[in-house]
Amino acid sequence: MIELKHISKWYQVGGKPTFILKDINLTIKEGEFVSIMGPSGSGKSTLLHILGMLDDANEGEYHFMDQPVHSLKEKQRSQIYKQHVGFVFQAYHLIDELTVYENIETPLIYQNIKTNERKAMVADMIDRFNIVGKKDLFPTQLSGGQQQLVGIARALIAKPKLLLADEPTGNLNSKQGEEIMDLFKQLNKEGVTIIQVTHSEKNAGYGSHIINLLDGRIEKTN
Amino acid sequence: MLKHYLKIAFRNLAQQKVLSGINIFGLSVGIACFSLFLLYAVHEFSYDRFHTKADRIYRIVEWWEGGEREPGGYAWAYTPVAPAMKRDFPDVEYAIRLKGSDCIVKAADKVFRTSITYADTAFFHVFTFPLIYGNTNTALQQPNQLVITQEKALQYFGTANVVGKTLELKTDSAFVPFTISGVTENIPANSSVKFNLLGSFEHIANDPMVQQSNMNWYMTIGMQAFVQLKPGSRLASEQNRINLFRRKYYPDDYKPKKNPTKEDLIQTSFRLQPIRDIHMNPTIEGGNDPKNIWILITIAGAVLLIACINFTTLAIGRSAGRAKEIGVRKVIGSQRKQLISQFLAESFLLSVLSAATGLMLGSLLLPLFNQLADRKLSFSFSRFPELIWLLIGLIVLVGFLAGSYPALVLSAFKPIEVLKKKVRVGGSNLFTRSLVTLQFVLSIGLIISTVIILQQIAFMRTKNIGLNKENLVMINTEHIGNKRIYPLYKQAIENNAGILGVTASEMGLGAGEGLMGAGYRDFKGELKGVIEYPGDYNYLNTMGMSLIAGRYFNPALASDTTGAVIVNEALVQELLGTTPEKALGTQLLNAKGNRGTKTIIGVARNFNFEDLKQKVRPQFYYRPSAFQPSRIFVRLQAGDPGSKLALLNKTWKKLVPDAPFEYSFVDEKFDNFYKNETRWSNIAGWAGGISIFLACLGLFGLAALAAVNRTKEIGIRKVLGATVTHVAGLLSKDFVKLITVAFAIATPLAWYMMHYWLQAYAWRINITWQVFALTGAFAILLAVATVSVQAIKAAIANPVKALRNE
């Protein structure tokens with residue numbers, strides 16, 4: 001599903017390139033649940049952003065479902081992205097001005113899905129996540145765990161094949177964290193490919209693979 | 001999608017109450033201003049459109065071109081021309097002559113002075129002035145019929161249905177009864193043809209002057225003429241046919257001249273001017289210059305622009321607060337153009353809300369505006385259907401103008417950077433700084449202009465014009481046995497306490513009064529215009545004019561009524577090219593080059609009988625032997641004029657019971673010369689006041705945002721020991737800099753514009769640096785005060801709180 005070949009990313013600092021990612025080669029198959037680990041500054045988030053097409057590599061090839069992402073135009077890339085990728089953040093990043101219902105609905109609006117269909121899809125998702133009673137609340141009225149649930153619901157609403165999560169439990173207590181990870185496991189069983197960045201060995205254990213990054217390189221995969 | 005955008009927009013508005021308030025209020029004021037000026041412009045361009053046959057109605061004008069003359073036309077019509085056109089051109093359906101004059105009428109024992117217009121019978125076939133009562137086919141058939149407007153009917157009779165009632169018109173000796181045959185709806189404000197009373201041309205056809213003018217194809221008696229062409233006629237553009245017509249009746253004009261003078265080079269022709277062109281064609285006498293309207297629209301546009309800039313700068317200033325939303329939206333699949341649409345939707349929503357409140361505000365301000373603009377406008381969509389489209393256009397324009405830059409900037413944020421908080425979008429990039437500067441350039445410029453216009457008006461009002469215009473009352477004695485009344489009246493009031501002098505003349509003084517003149521040869525033989533002023537013996541001394549050579553008129557000398565003139569300095573200089581002393585005893589050369597009828601007995605100091613735009617033209621005073629004064633001048637003692645006016649009125653009622661006592665103060669008549677200037681200063685003043693208010697409003701919002709965006713910095717500084725003054729200074733400094741720059745830009749611009757404007761005045765003030773210094777200081781003080789409110793608020797906040805927030 002995903003194939004990275006010789007991906008590098010650097011910034012120019014004082015005329016010299018400082019590498020964030022260096023010569024990353026990686027293959028992820030559909031249905032896998034991969035955890036990316038590593039110390040701060042090892043390039044985990046950048047790798048995730050490149051995988052999520054939010055950021056470009058300076059060098060290398062990225063194939064997503066047999067499409068050469070690195071050579072696609074912005075428009076085509078955003079098309080693939082909209083259809084196949086969902087994102088979950090550590091800080092949830094819900095839109096404060098929108099209700100729970102509207103937050104979940106928004107991605108569908110950007111995919112020009114008709115109102116009736118949208119209603120049905122959002123209603124299903126809200127049912128499934130057991131947040132029917134919360135649908136008219138605003139994000140600030142929810143606990144962190146609930147906010148992250150909404151964030152995941154929003155990421156899943158467009159039925160993506162790939163779910164990317166950047167420290168999804170980082171702001172949650174351990175019980176809430178466990179619930180989220182159980183949910184991820186469940187989703188993975190249903191066929192969603194998941195890549196998460198995490199600091200926690202325990203959370204990484206939920207996945208099928210762990211990729212360890214150090215100073216922009218893959219140290220080991222298991 | 002749109003619903004979604006609007007929802008977000010509403011919630012944003014509700015959340016940011018202060019900013020939304022500033023935006024909506026500012027834009028409303030801008031739109032209110034602009035829509036009022038728009039209404040004014042639409043009104044000005046809508047003149048005479050209401051006539052159902054407007055596209056076939058033309059005014060006959062005389063066009064002068066050639067020689068050293070600017071091409072231009074006059075709306076006067078020679079009495080026989082219009083009927084001749086009807087006779088000669090088969091495609092002229094009707095020809096209408098209109099002759100207006102002043103009259104005294106008696107209705108139910110009350111007397112009024114009003115204007116009356118005499119028209120040819122087909123008047124109502126050509127012009128669309130619906131009758132409320134009466135029949136348009138018969139209304140002007142008899143010479144003693146009158147049509148009256150509803151307004152005047154109500155004034156004179158207290159009721160509108162006055163058909164069949166009698167209205168008496170005063171002639172020199174008696175009142176002549178007329179029957180009212182029709183009542184028209186009030187004349188629309190946007191009509192070039194206006195009347196209070198409409199009589200039949202037949203009635204004045206036997207008047208000696210009209211008869212004389214009917215024989216003389218060169219004599220004008222203040223008449224206008226219109227023709228209505230048959231459908232399909234192209235006569236108005238077939239100038240050849242019109243030229244042939246003129247050649248037929250003015251054969252002398254087309255004979256070659258042996259020694260053509262400058263005047264002979266001027267070619268005269270008749271033209272047909274479309275009626276809808278009358279009000280807005282400055283090349284024909286009496287037409288307005290559309291340039292002025294564009295200036296007004298530009299000023300209103302500047303006010304609107306300032307309000308739009310507020311929206312833009314505040315939106316940019318608040319971008320930090322919205323960065324997260326934008327980042328998230330991009331991550332969950334929004335394209336840039338969708339974000340642009342979202343932000344534009346917000347500004348359009350704001351624009352619509354502001355337009356709604358702005359129009360309400362506009363209708364509230366309409367009476368004030370009407371006073372300023374000297375018009376009677378109303379927001380009538382049925383009368384001005386184009387107003388709807390213009391307003392929709394305005395809403396779209398405002399939405400776009402205000403929203404497009406923030407939409408472009410905000411939608412360009414990179415999601416990753418925003419979400420990682422890498423971009424800290426401050427409140428002020430170069431662009432917003434320039435916009436704020438522009439706002440203050442416009443407002444400071446308008447205020448400087450206002451001050452200079454006001455100074456010039458004050459100068460013109462108080463300048464010694466060579467005549468003592470204070471405490472001088474002018475009484476109108478037209479149509480009331482002039483010869484008889486003046487000596488009687490003079491005798492009756494002359495010796496009363498508080499009356500310092502009484503004199504009379506055949507001409508009025510000040511704005512709205514006519515001038516008479518004739519051509520005389522100067523010492524080089526060139527023809528020059530000279531204003532002739534017929535007054536009583538004591539005219540000059542009573543008016544407070546002084547002589548620099550010679551003597552005043554002497555009633556004891558018979559020759560003083562036959563050929564003696566007192567000339568002004570300008571005449572001595574321009575026509576005689578000599579000194580006042582040497583001019584005495586000189587005889588003036590008339591246009592034919594003959595001497596002998598007018599001998600100079602005195603030279604008077606120049607007196608500005610026209611407004612101060614004009615230089616003093618050559619002028620002389622004389623005492624006609626058959627003196628028919630139309631104005632009596634009474635010089636009062638300084639102080640409360642009440643009792644003296646009561647005396648004048650009482651005496652008048654006794655001597656002239658059948659005519660209204662009509663007086664005016666001469667200083668007011670002179671002030672009226674500057675009505676236009678006063679209007680412009682009012683308009684510029686209001687616009688300047690509103691625009692600086694809006695600019696400060698924006699500044700207030702920006703300062704608030706700057707304080708928010710710099711909360712952390714302020715907190716750290718305070719922890720390090722900064723005082724409140726220090727912090728307030730820190731926040732104000734940036735803005736003061738901008739306003740100083742604005743002042744530096746506005747000063748030369750305003751100076752140049754006002755210098756140009758002042759060139760139109762022969763007498764004008766010098767622009768002093770104090771005006772600029774004071775205006776600049778005022779603007780900077782105002783801005784500092786505005787910013788300080790926010791700066792101090794930020795500075796006294798607890799720093800620990802600020803730091804914890806981060």
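Just so it is clear, glycine is given a Cβ too, placed from its N, Cα and C backbone atoms.
Those TrEMBL annotations? Automatic predictions, nothing curated.
For B:20-242 (among others), the entry in TrEMBL reads domain 'MacB-like periplasmic core'. Confidence in the domain 'MacB-like periplasmic core' (B:20-242), given as mean pLDDT, stands at 91.
Using a Cβ-Cβ cut-off under 8 Å and counting only residues 6 or more beyond its ends in the same chain, the transmembrane segment (B:21-42) has close neighbours at 13, 293, 296-297, 299-301, 303-308, 310-311, 314, 350-351, 353-355, 357-359, 361-362, 365-366, 369, 373, 375, 377, 379, 384, 386-387, 390-391, 394, 398, 402, 687, 690, 693-694, 697-698, 700-701. What TrEMBL records for B:21-42 (among others) is transmembrane segment.
Annotation source TrEMBL lists transmembrane segment at B:293-316 (among others). When Cβ-Cβ distances below 8 Å are used as the criterion, the transmembrane segment (B:293-316) is approached by residues 19, 22-23, 26-27, 29-31, 33-34, 36-38, 40-41, 44-45, 343, 347, 350, 398, 401-403, 405-406, 409-410, 425, 427, 429, 431-432, 435-436, 438-439, 442-443, 446, 683-684, 687, 690-691, 694-695, 697-698, 701-702, 705 of the same chain, each at least six residues removed from its ends.
Residues or ranges marked as domain 'ABC3 transporter permease C-terminal' in TrEMBL: B:298-411 (among others).
Taken from TrEMBL, the feature transmembrane segment applies to B:343-368 (among others).
Summarising the annotation, TrEMBL assigns transmembrane segment to B:388-413 (among others). For the transmembrane segment (B:388-413), the list of distant contacts is 27, 30-31, 34-35, 38, 42, 304-305, 307-309, 311-312, 315-316, 319, 322-323, 326-327, 330, 336-337, 339-340, 343-344, 346-348, 350-352, 354-355, 359, 381, 423, 425, 431: same-chain residues at least six beyond its ends, Cβ to Cβ under 8 Å.
The transmembrane segment feature in TrEMBL is assigned to B:434-454 (among others).
What TrEMBL records for B:441-640 (among others) is domain 'MacB-like periplasmic core'.
Under the heading transmembrane segment, TrEMBL lists B:683-708 (among others).
Annotation comment: TrEMBL describes B:689-796 (among others) as domain 'ABC3 transporter permease C-terminal'.
Annotation source TrEMBL lists transmembrane segment at B:735-755 (among others).
Marked as transmembrane segment by TrEMBL: B:767-789 (among others).
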Query raised in the report: the transmembrane segment (B:434-454): which same-chain residues, six or more beyond its ends, come within Cβ distance under 8 Å?
Result: 299, 302, 305-306, 309-310, 312-313, 428, 677, 680-681, 684-685, 687-689, 691-692, 694-695, 698-699, 702, 735, 738-739, 741-743, 745-747, 749-751, 753-754, 757-758, 765, 767, 771-772, 774-776, 778-779, 783
Query raised in the report: Do any residues of this chain, six or more beyond the ends of the transmembrane segment (B:735-755), have a C-beta under 8 angstroms from a C-beta of it, and if so which?
Result: 433, 436-442, 444-445, 448-449, 452-453, 699, 702-703, 767, 772, 775-776, 779-780, 783-784, 787
**Report entry** Secondary structure tally of the domain 'ABC3 transporter permease C-terminal' (B:298-411) (DSSP, helix then strand then coil)
**Finding:** 97 helix, 0 strand, 17 coil
Report summary line: Secondary structure of the domain 'ABC3 transporter permease C-terminal' (B:689-796) by DSSP, residue by residue, totals 93 helix, 0 strand, 15 coil
